[in-house]
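Note sheet for the following structure.
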């Protein structure tokens, strides 16, 4: 077992960023293992980009530490950047330079040997060949995003940090980038940390998903085990307040359903596995259920419920 | 540093900036030559319609020393705008075009990126000053002005280059304004504030102690009867330049790059 399998590629502990009274990132701790595709999902303004910029040493944390590829980023160690590719925010390029020149410039700043060959390779890989000698200002949004990804990939990095990598791409482009990223992780062991709003896309691609809201990391999900984590028992009675008391007395934690008047929701595994026992308990307490449904949430519903609970 | 320098040179080569700034200094040299042409023979200029009937010209002598001093003064005044624009463009464009973020986590350090930008600005300013001097000399030959000697020409050219260097040094705080202000506008504002203050403070008689007035006074803008600024003035210029470079480098290295 190599060191890379024991030491996380990214390790953040107690990461906090305050701007005056505003807490942009609040005590976030995360570990991303080598070869993982780790996705950050969250609403606009949740703190994803601030967190990513802290991981890249662009923003100094108010508190906490970041270690990337063994380098103490929060202490100013820059040694990880030769092995890290990144794309932050909206794609940008020097508009007066061609696609090839933009990539050549990055290859030079990354001190790559044989930059022309690397540029040609990444142009081909990102399907930018027809646009290689066009000025960046003439590119469509999708191709500008491809160019930004090409800049992140040109040095064959061990770690990719991508903020909204499929923004602006058409459906075929989204599939292409998904295949590219999963291929990099599978075949080359590249670690990928990405942020996205596209929950469906994230479920298909990521090996771990972190939900971030109001700067806090609410939970981490294994998408392959999402099934077990996102089943809920929905209970409706004629007196939900009384039913909630009865269930609470039995050690359960009933929560109001997202839509008012839709009854209660139970997340406990034993409740989901044995809805008959819940029905019996309610009948014995004199508030029989009028509806009892085991419902499986998709990531979108699960995410919205988590965020709703956090806000409450 | 070498990689960052080559990257900056590629950006500059592909931009309009070299053409626009060289064009502006060509215009400046041409205007100085025309002014000398008029001053050398006002009656001829009136006959050609270059000078109004009642216009009186004063403050410059129609000879080689006067002509080269005029070029140096134009370099000092125009230089603050042109060199300032170059520095503002080199730094401000990274924020206006949102490309700065791509320069922040690379094997090439942020310090090297900043140093490369200042080096390109300095190199280009020297080339522009030499271009202005050469153009001025070439344009001066057909004017047939009196007082030409190799010592006068060498001294005049040196004064143009030194004025350009003094002016260039004073533009480094505009790099900080463009970086911390994340775009062109704050730097342009700072540039005009510096220019305006230089004029007012020089007019009040304290120009020798105000860095932004020093290049103009060194070039002889106050006229032949006035002493050039002393060592303190030059030291203040140097202090502003060093502070501008240091503050810009520190800002790129330490500031939160959250946009």
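Every residue gets a Cβ built from N, Cα and C, even glycine.
TrEMBL lists transmembrane segment for one of the ranges B:20-40, B:41-61, namely B:20-40.
Counted over residue pairs separated by six or more positions, the transmembrane segment (B:20-40) shares at least 3 Cβ pairs under 8 angstroms with the transmembrane segment (B:112-139), which defines the two as touching. Two recorded stretches are said to be in contact when at least 3 C-beta pairs lie under 8 angstroms, sequence spacing 6 or more; the transmembrane segment (B:112-139) and the transmembrane segment (B:232-252) meet this definition. Among residues of the same chain six or more beyond the transmembrane segment (B:232-252), those with a C-beta under 8 A of the stretch's C-beta atoms are 91, 110-111, 113-115, 118, 166, 169-176, 179-180, 208-211, 214-215, 217-218.
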